[in-house]
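A short write-up of the structure that comes next.
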């Protein structure tokens, strides 16, 4: 995998594989907007006055793997007002967290099933179920909070199916020298979706009413499903519209990888594989800091800088533009280094992993010392999620290198480690800042930097890019 394939690279940006990346970008965009829709709509759902604090509350739960830990803003804007639904802050916390538990339930099994039944069906079904449940959320709210919690949990399970199924598709569609580029184009849909929903969600609620947030983004998801099922195929060999040149280019570049179906997973070999644990550790470290920044960004700006984030909705969305930009640019740069044979594959993976863990750690450690400077603090807060997404060209897609035939299954496990890190880091952050605001924030950022450094050292020590022996076709290892 470290050697450059002999087949001449096909620079067809209008090719099907890039079209697949764009459609998957749209799918990720759709899923993240459906996740965040409730975070914005709930202000109007529990309070008849929509305007106060709309952006302030909506930005507290903006991305795919965020958790509801800050109910303060809801209490703040729910005084002396008539509620549409009598949901206490504790109930709202359960509603928001239910989708995360749904994702955890399906990350591993959906990845395994995608490798057996086909990622197209798994991803398409997950997106369709999530879109339909989004459309029915306003109706479910009228029937009671229990039904809303059930819908959010099932929606999380559906989205877990969709996210992990992507890597099974890329194992068959992405040439080794284009993996970073293609996956970064697809993955940037989440950051772009977060930016859009933060900018327009409040406007939709004010102009049309909060149910239309669900109706609009649920309908967009259904359109995306129609496009998905009609255009996408599991592999290039069976696509009726692919050119012979592109098919030969993809197939020849993947000759070192096995594409035959596997109905058993070498669990014992995986558990003993240090390169896999290096990837898992990287995910844990990466999500630890990212979850803190995403979840507590408005709280930090409000409490430390004394700035009301509700008056700066666009400002709160800037980190997601930076994240999307760095994801795409990082993928372009990584594949450029590989295509020109400037660096070995493992060197590229470790380089971008180092940048994605070291740079945001430095920014986080610097935050407590520049709190008196508003512009500097905002720049650092924007840089943290932006530089963190350089990991997308590092350990995040490393499973495609070490075990492409089990990439979807392993991605489910990896994201599970990330979700666990998010839960722990958010809980620890809430505890630390409740003790003392100034020293608490300093300890939060120092602890996050320490976790990042541990993950970086572990990955640099044990990370690899060669296909592992148990992931090759001749391996007969069983459960």
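All positions are counted from 1 along the displayed chain.
Note that Cβ sites are derived from N, Cα and C of the backbone, with glycine treated the same way.
Matching 66-89, 210-233 against TrEMBL, the residues noted as transmembrane segment span 210-233.
Sequence-distant contacts of the transmembrane segment (444-462), counting only residues of its own chain at least 6 positions beyond either end whose CB sits under 8 Å from a CB of the stretch, comprise 274-275, 277-279, 281-282, 284-286, 288-289, 292, 350, 353-354, 357-358, 360-362, 364-365, 367-368, 394-395, 421, 425, 428-429, 432-433. Between the transmembrane segment (409-432) and the transmembrane segment (273-297) there are 3 or more Cβ pairs closer than 8 Å, counting only residues 6 or more apart in sequence, so the two stretches are in contact. Using the rule of three or more Cβ pairs under 8 Å, pairs at least 6 apart in sequence, the transmembrane segment (377-397) is not in contact with the transmembrane segment (210-233). Among the listed stretches 125-151, 182-204, 273-297, 351-371, the one sharing the most Cβ pairs under 8 Å with the transmembrane segment (210-233) is 125-151. Comparing 125-151, 273-297, 317-339, 351-371 for CB pairs under 8 angstroms to the transmembrane segment (182-204), the maximum falls on 317-339.
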